[in-house]
Amino acid sequence: MARGRIRARLRRSHLYTFSCLRPSAAEEGPHSIEGPGYSRIVHCNQPLMHNKKPFKYRSNYISTTKYNFVTFLPKALYEQFHRVANLYFLGTAIISVTPLSPFSAVSMIAPLAFVVGLSMAKEALEDWRRFMQDMKVNTRKVKVHKEDGIFGNKTWQKVQVGDVVKVEKDQFFPADLLLLSSSYEDGICYVETMNLDGETNLKVKRALEVTLSLDEDEAFKNFTGTITCEDPNPSLYTFVGNFEYDRQVYALDPSQILLRDSKLRNTTFVYGIAIFAGHDSKVMQNATKSPSKRSRIERKMDYIIYVLFSLLLMISLISSIGFAVKTKFYMPDWWYLQPQHTDDYYNPEKPVLSGVSHLVTALVLYGYLIPISLYVSIEVVKVLQASFINQDIQMYDEETGNPAQARTSNLNEELGQVDTILSDKTGTLTCNQMDFLKCSIAGTAYGVCSSEVELAAAQQMAIDLEDQDAERSTGSRQKGKQQEIELETVVTSRDEKDHKSPIKGFSFEDSRIMKGNWLREPNADVIMLFFRILAICHTAIPELNEETGSYTYEAESPDEGAFLVAAREFGFEFFKRTQSGVFVRERYSVAGQPIDREFKILNMLEFTSKRKRMTVIVRDEDGQILLLCKGADSIIFDRLSKNGRLYEEDTNKHLNEYGEAGLRTLALAYRKLEESEYSAWNNEFQKAKTSIGADRETLLENVAEMMERDLILIGATAVEDKLQKGVPQCIDKLAQAGLKIWVLTGDKMETAINIGYACSLLRQGMKQICITANSSDAKEVVKENILMQITNASQMIKLENDPHAAFALIIDGKTLAYALEDDMKQQFLGLAVDCASVICCRVSPKQKALVTRLVKEGTGKTTLAIGDGANDVGMIQEADIGVGISGVEGMQAVMASDFSVAQFRFLERLLVVHGHWCYKRIAQMVCYFFYKNIAFGLTLFYFEAFTGFSGQSVYDDWYMLLFNVVLTSLPVISLGVFEQDVSSEVCLQFPALYQQGPRNLFFDWYRILGWMGNGLYSSLIIFFLNIIIFYDQAFRSGGQTADMAALGTTMFTCIIWALNCQIALTMSHFTWIQHLFIWGSIGTWYLFLFVYGMLSPTISGNAYQILVEALAPAPIYWSATLLVTVACNLPYMAHICFQRCFHPMDHHIIQEIKYYKKDVEDQRMWSRERSKARQKTKIGFTARVDAKIRQLRGKLQRKHTSLEMHSPVTPS
């Protein structure tokens, strides 16, 4: 507490323009609040008033589950019977209890109950996990005022609107609170809003002056007040309300509101009033309901079921018509059936009734065309695939101990069909750490370390130089070698640095200005001023680390933190801030002794997206007033005086080089002020600050502009944004795989753009399209202006002729609100799709979800959203696939996700490897399933036609029962679990293989109908070839012909052989498990036939001793099996041979290279094939390096041309 009070004396509210730029509540006066949308009244410290209407508001209990105990059964059943096949089998189960069913009721109901029950149990388990996570949040504890100034712990779910809540340091706010007071005397507190908008920099909130005295528990003994404010809404950045206290009314704005799920930082405690609780809070208003997601393959399976059901209906109609005709015209002559004593179902006098009743029987009998075991098999396969994802050691993060997790197995194959990735920034792409890498001071570049982009370009150039033609001249070869050595020097410079102990935020190396050596540089006075600007021009607070004795800094942005660390390492350590000044310890001076200097802060003009600069006006110890400014180079250069441009040309050159190297840059400048000039300006500034009206901010900006001119340029900084490990490489690989990547962030536009550069979504030379809105205009004018910007940008892209030209779309949240309206969103989407990369900044969680929905519905392609905070939950749930980062910021994103990974880089393996495999496995598995059921089911129909549509099955009931359950189930499951067209290493080396999924090459109608046609062909061969073989000739050595049991068993043997050989031909990758399942299934059939035939004739019936006595001794049985199996698989073999020879797919070529070990014998060819297999992309590290190489080659070419022009011509 004492420590908090010491720091409280800073009274930061007097220092910063975010206080200065708006008057106090008393000055501004209360808001005029009336009409719809502003009806909420909160009685402070009187929660009992909110127990009855009209003041009864929602509780603080939250739920993110899909079901509850009451709705689970009806909703889950509704979900299950969305599946067409389940609806059909429900119908057959109902029919099975009637006399019309050819099967028993148990045999029809049990499989359906098992399939539906298994799926519902999985849904229940997943929702139970969500429920437990909700309870973890609802049972958090917070201090709430009970009575007589006494505070006690309450669970979050019991907090009510009107409660006085005390939140302590590093705790989350349990509801949306009105800030009353804090541990600081001036009522400020620091809030981290990463869960809301993704920003890690701290926000400053301020209490009203009238409530500052409420800073102790006892002060609330008799406290009352009334808040009238807006109704619950999802807008995070706005709030309108009035606070009535002590018969006075004060206006409220967002600076007094503490939002649920944001965290109190660097403040010992705060007191607040709960305004919005539970689902009324702004973060929950931004949440969307947990949707039920189905993969595209599963949705397409419904259409295939429609096709098969149409086929089933057609053959059932044919069968029923045939049966009616037979009953009317032929049955009277069949005296042995005794037609005169039959019931209505077989009455020749009522053929229509007989036909209709037979239609119902046929619909059940031919049900084998529609595979009920398909859904069970897919569930089993997906669970096993998910377990492989969970156990993949390559996606295990050793630092956090978190593996990848498939939280739902419904969407495994969808991972292989992603077209667009929508990613959060903070905590997902970045770890928000900046490293000071280079700087330019007085026209001299300092810093010898290379950025990641420079290293990659150097390495690629070195490889290209190795690949130069061997016919080059010796001189050229020596020159190339020299260049290569230079490149190697660049590459190794970072490696040497990596061996030294790293300083967080500082990767700079240059002995010329380190350890006080800058004193010996020609422009030592300029260098000193450069370091002082780094140490003074900021808004950070120093904190002494008692263990190390050094200072760490709580900065509003990571850039500021990096500058302060750099200043400290250069010998200018910022160590203290007071209400009126900052103190800097200068370790290196002319006197040789450390000196503590105080710089008095006179004014500070903060950095904003519009200003793009920050200025501080200080008075040094000599009384000199200095204006110190840092900002974007374009802004600073426009404000330089004529004599302040001495270093402009060199600095500009260095800034371009830093930009090409992927570094974030700022220019530094200063100006000396006369006392009279400053006094006159300060008077104008104070007038503007205290003015009241709509043009107040414009006045302040104009006054600031008056002072921020005639600057003298000193130099520039270059920091490298520290992305999470492997992010650039991951984005590069995903770009090569043909995926589009959008970044949706709550951060400022400048930060988002810099991150775009750091992860190579943006690069030097890429044309940026910034869509912005002027909020001061009328709505219709703003919309018209935005539409014009979008139209002009689309036209510019269409007219672009340069094949290497790349466009990036950048838009902020305010503009996006208009762009997402119905009359404009299609034009916006059209422009965004044409751009290589899209960055949306300052977006709310709701907008993230709306953008995701627009992309999903507008393009009709699969979207994946990835994020790590509560602010990402909406887009994670809205996307076709939601991926949560199990990082440091809670588990809200993970709990709402379908898959979770520990870091963004694991997304590469999740999609390019597991996604590719799962898509192909499920696609091939489903196609094969329909093939085998058509091949088997149609033989029943053919036999019906041969036997007068009598309803007689050619197969024994046990054969039919075992067909799907035992004899063909395990091979198809092994296909879905273990199949690999190429290994995981090859998937990563050839990312373009991934495009087979988004292009849907393995589950389009051409392939589906092809497999169905193959099933039709196989059924014809199996039935008619066997009929031809067995119909008119002796079957056994004694001359006997085959009976129905012998024919049916032979046909069934052919089916088992043909189908299992077909799946063996389909597989590319075999393990002992596949061999066991495929050949074991065939062996199991013979074993079953032998054991079944040994049973009593009362059980085995006509199959008694059929294998031992009838089939095994007959050569025709074995020869028919061989002939039919070969004939069934011959067309597929011919198709595969033709395709591999004349129209090979990518994986066919790679399989052939691997089979002949060409990748080992000819490494150059293997590398060439890898580079050819990349999708052409304009984003990612590779695209950036290619652009850098084009630039370097252009420079070399111009240099050679210049040398040739100036070289003397030798006489012949």
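Including glycine, each Cβ sits where the backbone N, Cα and C put it.
All annotation found in TrEMBL is predicted automatically rather than curated by experts.
Quick caveat, the model's predicted, so the values are computed rather than measured.
Sequence-distant neighbours of the transmembrane segment (303-325) (same chain, 6+ residues past either end, Cβ-Cβ under 8 Å): 84-85, 88, 351-352, 354-356, 358-359, 362-363, 366-367, 369-370, 926, 930, 933-934, 938, 941, 944-945, 948-951, 1008, 1012. The transmembrane segment annotation in TrEMBL covers 303-325 (among others).
What TrEMBL records for 356-378 (among others) is transmembrane segment. Long-range contacts of the transmembrane segment (356-378) within its own chain (CB-CB distance under 8 A, at least 6 residues past either end) are made by residues 83, 85-86, 88-89, 92, 95-96, 98, 100-103, 108, 111-112, 114-115, 118-119, 298, 301, 305, 308-309, 311-313, 315-317, 319-320, 323-324, 344-345, 922, 925-926, 929-930, 933-934, 936-938, 940-941, 944, 949, 951, 953, 960, 963-965, 969, 972-973, 976.
Around the Cβ of R664 (ATP binding site), the same chain contributes M434, D559, A718, V719, E720, D721, N754, Y757, A758, each under 8 angstroms and 6 or more positions distant in sequence. Annotation comment: TrEMBL describes D424, K425, T426, E560, F607, K630, R664, T745, G746, D747, R842, K848, N871, D872 as ATP binding site.
Per TrEMBL, the feature Mg(2+) binding site maps to D424, T426, D868, D872.
Just so you know, the Cβ of D424 (ATP binding site) picks up 28 other Cβ atoms within 10 Å once every protein chain is counted. Summarising the annotation, TrEMBL assigns active site, 4-aspartylphosphate intermediate to D424.
The feature domain 'P-type ATPase C-terminal' is assigned by TrEMBL to 894-1144. The domain 'P-type ATPase C-terminal' (894-1144) scores a mean pLDDT of 88 in the predicted structure.
Residues 304, 308, 311, 315, 319, 322, 362, 365-366, 368-371, 374, 377, 952-955, 963, 968, 972, 1008, 1011-1012, 1014-1016, 1018-1020, 1022-1024, 1027, 1051, 1055, 1058-1059, 1062, 1128 of the same chain, all 6+ positions outside the transmembrane segment (929-946), place their C-beta atoms under 8 angstroms from a C-beta of that stretch. Under the heading transmembrane segment, TrEMBL lists 929-946 (among others).
Annotation comment: TrEMBL describes 958-978 (among others) as transmembrane segment.
The feature transmembrane segment is assigned by TrEMBL to 1008-1031 (among others).
TrEMBL lists 1043-1064 (among others) with the feature transmembrane segment. Sequence-distant contacts of the transmembrane segment (1043-1064) (same chain, at least 6 residues past either end, Cβ-Cβ under 8 Å): 928, 931-932, 935-936, 939, 954-956, 959, 963, 967-968, 971-972, 975, 1014, 1018, 1022-1023, 1026-1027, 1030, 1035, 1074, 1078-1079, 1081-1082, 1085, 1089, 1101-1103, 1106-1107, 1110-1111, 1117, 1120-1121, 1124-1125, 1128-1129, 1132.
Positions annotated as transmembrane segment by TrEMBL: 1076-1095 (among others).
Marked as transmembrane segment by TrEMBL: 1115-1138 (among others). Sequence-distant contacts of the transmembrane segment (1115-1138) (same chain, six or more residues past either end, CB-CB distance under 8 Å): 935, 1014, 1017-1018, 1021-1022, 1025-1026, 1029-1030, 1033, 1035, 1050, 1053-1054, 1057-1058, 1061-1062, 1065.
With respect to D868 (Mg(2+) binding site), the closest of these binding-site residues in Cα terms is D424, chosen from D424, F607, G746, R842.
Taking the C-alpha positions, the distance from G746 (ATP binding site) to D872 (Mg(2+) binding site) comes to 10 Å. Reported as a whole number, the C-alpha separation between D424 (ATP binding site) and D872 (Mg(2+) binding site) equals 7 Å. Sequence-distant neighbours of F607 (ATP binding site): residues of the same chain at least 6 apart with a C-beta under 8 Å from its C-beta are S557, R613, M614, G631. Each residue contributes its Cα atom, and for D872 (Mg(2+) binding site) and R842 (ATP binding site) those atoms are 13 Å apart. D872 (Mg(2+) binding site) has a Cβ environment of 33 other Cβ atoms inside 10 Å.
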